[in-house]
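For reference, TrEMBL has these:
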COMPBIAS  109-119  compositional bias 'Basic residues'
COMPBIAS  120-130  compositional bias 'Basic and acidic residues'
REGION    106-134  region 'Disordered'
Amino acid sequence: MSASLIRRGLELLNDDIKDSSRVKKKKQTPSSAAVMNLVSTNRQGVTKQVKRLQGRLGPGKSKATVKDKRIRSAVEDFRKKQPKSQLDANLKYFLESAGKAEAFDTKKILRHSRGRQSRNRPDKPVKTSREAQSLFTEEEFQQFQREYFGRIVEEKK
């Protein structure tokens, strides 16, 4: 390559570098005069439009800082996210003698929690039907048949 081509390439490169440095200027809040050209001609809500167009780029901009942030290690985060076992506390609670309910109370709770659905109700006891008992004995029937019919009409087998 010739020296002239290299020189020309460097000149072009310098122009690009200068253009990019001009573009990197810090953004500032646009002045209210510049913003007024962008605002509509309606008279209502002009100040709100100006504030919205100006944005919060200037000194009033809130900046997130790391000043008060506490750095935590990954190990601490992992330990905090792990579920803690409550087995010991639960066993201690249930094994205490003061925590036991009386039989009456447990029956009451079970009766209450049984619910109103038919599947939760106990079966009603089946009533056994007794054979109809007669007020008269068999001998009295036979005596009545002899007196009324003159003989015994049907005999029991």
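Heads up, the Cβ atoms here are built off N, Cα and C, so glycines get one too.
Just so you know, TrEMBL annotations never went through curation; they're auto-generated.
Sorting each residue of the compositional bias 'Basic and acidic residues' (120-130) by its DSSP state yields 1 helix, 0 strand, 10 coil. In terms of DSSP secondary structure, the compositional bias 'Basic residues' (109-119) contains 7 helix, 0 strand, 4 coil.
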